[in-house]
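Note sheet for the following structure.
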Amino acid sequence: MSVGIVSYGAYIPKFRIKVEDIARVWGDDADILSAGLMVYEKSVPDLDEDTATIAVEAARSAVLRNNIDAKRIGAVYTGSESHPYAVKPTSTIVAEAIEATPVLTAADFEFACKAGTAAMQACMGLVGSGMVDLGMAIGADVSQGAPGDALEYTAAAGGVSYIIGNKESEMIAVIEDTFSFTTDTPDFWRREGMPYPEHGGRFTGEPGYFKHVTGAANGLMEKMGTKPSDYDYAVFHQPNGKFPSRVAKMLGFTKEQIKPGLVVPWLGNTYSGSCMMGIAATLDQAKPGDRIFATAFGSGAGGDAFSFRVTDKIDEVRDAAPKVLDLLKDPVYMDYAMYAKHKGKIRLA
């Protein structure tokens, strides 16, 4: 039984802070940072926004885009590394908000930045087996970065929701196949109770990101017998602008293939929403028959690769909900003081 994306929706907070405003506080060179990271600004959540509210907005957008009856959704899974509760599922909040309750299963996923794509794979299994009619997979985060840490320049906020189904007449993109590559690699971590994550600096690159993205990507192409030139678009996890550009070149993809989905320069790294946001931005532009190759990465570490084929249905639903580029328009900029307030970095003794 084939499975595919029936609908999708994204949400990005309207607030932004520029790299230069963060650099000014810490005495860093903004030009060097922006050139090195290929990131110029990042999204910031409002005072009353968290992973749950962002996930709800993305889920509502997905339901709206293809006029989905939420009661058909038999599974809601939210992937994040910033769930608002240690014990209390984000996914039940989402399910209640979209009126999908009570006949469904729900759970929260964690696998650093690829928790959302892991949720997609779980939904693929459920709908592919016929256990549920539709499954909803969400990747959402209000990413953390310690004051003065390199992560602070990129850690952003946003989320994406995908509704997975098995009826080809409803699919906007068929999921042709998926492949995962996973090892125990401690490149990035945050223990229970820690306010900010720690990371291995440059160690997060070669043995983390590049090993697992290339492992998953090459594994999928070998499994399917495809090559980069078989695809119209490609999307890779976007912790910054440099890593996805470099890994695309390593794998044989072109700048033109990754450009539509490369939103990190004006958004930042939305962690669990990162690769999923790139896929959404690509679907916003793709034509029927186009093929999309995507590989997510999560520290700890693993990569999930997917092959999508866009259907004629995309033209019917594309404009029914906000597109990623629409959500990036008309930002409201803030200085570091307001940013610190919004992110809860100001703490009273």
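Glycine too: its Cβ is placed from the backbone N, Cα and C atoms.
Per Swiss-Prot, the feature (3S)-3-hydroxy-3-methylglutaryl-CoA binding site maps to Asp29, Ala30, Cys113, Thr154, Thr204, His237, Arg246, Asn269, Ser299. Annotation note: Cys113 ((3S)-3-hydroxy-3-methylglutaryl-CoA binding site) sits in a strand segment as assigned by DSSP. Taking Cβ-Cβ distances under 8 Å and a sequence gap of 6 or more within the same chain, the neighbours of Cys113 ((3S)-3-hydroxy-3-methylglutaryl-CoA binding site) are Glu81, His237, Pro239, Asn269, Tyr271, Ser272, Ser274, Cys275, Ala296, Phe297, Gly298, Ser299.
What Swiss-Prot records for Glu81 (among others) is active site, proton donor/acceptor. Its own atom aside, the Cβ of Glu81 (active site, proton donor/acceptor) has 23 Cβ atoms within 10 angstroms in the protein chains shown.
Taken from Swiss-Prot, the feature active site, acyl-thioester intermediate applies to Cys113, supported by sequence analysis.
All protein chains shown were included, and the count of other CB atoms within 10 Å of the CB of Lys242 (CoA binding site) stands at 16. Swiss-Prot lists Arg202, Lys242 with the feature CoA binding site.
Per Swiss-Prot, the feature active site, proton donor/acceptor maps to His237 (among others); the stated evidence is sequence analysis. In this structure, His237 (active site, proton donor/acceptor) belongs to neither helix nor strand by DSSP; it is coil.
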- Task: Determine the most Cβ-crowded residue among the recorded positions His237, Arg246, using a 10 Å radius around each Cβ and all protein chains in the structure.
- Result: His237
- Among all the protein chains here, how many other CB atoms are within 10 A of the CB of Thr204 ((3S)-3-hydroxy-3-methylglutaryl-CoA binding site)? 19
- Note on the structure: Ser299 ((3S)-3-hydroxy-3-methylglutaryl-CoA binding site), Cβ-centred 10 Å count of other Cβ atoms over all protein chains shown, is 25
- Item | Site diameter for (3S)-3-hydroxy-3-methylglutaryl-CoA, Å, by largest Cα distance between Asp29, Ala30, Cys113, Thr154, Thr204, His237, Arg246, Asn269, Ser299 | 27
- Query: Once the chains shown are all counted, how many other Cβ atoms turn up within 10 Å of the Cβ of Asp29 ((3S)-3-hydroxy-3-methylglutaryl-CoA binding site)?
  - Reply: 11
